[in-house]
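Report on the structure given below.
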Amino acid sequence: MKNNEKFAELIFECIDTISKKMNYSVKKKEFKFSEGVKNISLELLLYIESKLHKLNFHIMEDKLNTYSLYGKLDEFEKELEDKAFLRIHQSYLINMKHIVSIYRYEAVLNNGIKLKISKDRYKFVKEKFVSYKGEI
């Protein structure tokens, strides 16, 4: 079982590398964070976390940075769903480009962060992730 998981991780890593070399287009979006207005590359946005209407944007720049603004995760879900973002939990909207694996109700990101996937969304999330990786 562990060998299959490792093999799948290696395959997805290869696919990610190839896709980056074949289609390197950076999509940027302007956000009005509490810290100020920032023009963020969606490629670098790992995930958005919601806590009591405060949205924390976890962005991998030189290091992992977090910027916040007030809003609803639902609005960003609609806006970003066609850009490889997926709602995995009531509190998380995640960039599928940064998912390494999905296992036991967790999404593991390429920087080691593990995010919980809600039980009612797990099957859907897994199907979308496999479909996304297959389309690349």
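From the backbone N, Cα and C atoms, a Cβ is placed for every residue, glycine too.
All TrEMBL annotations are machine predictions without curation.
Feature annotation from TrEMBL assigns domain 'HTH LytTR-type' to 65-131.
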For the domain 'HTH LytTR-type' (65-131), residues assigned helix / strand / coil by DSSP: 24 helix, 27 strand, 16 coil
PLDDT averaged over the residues of the domain 'HTH LytTR-type' (65-131): 94
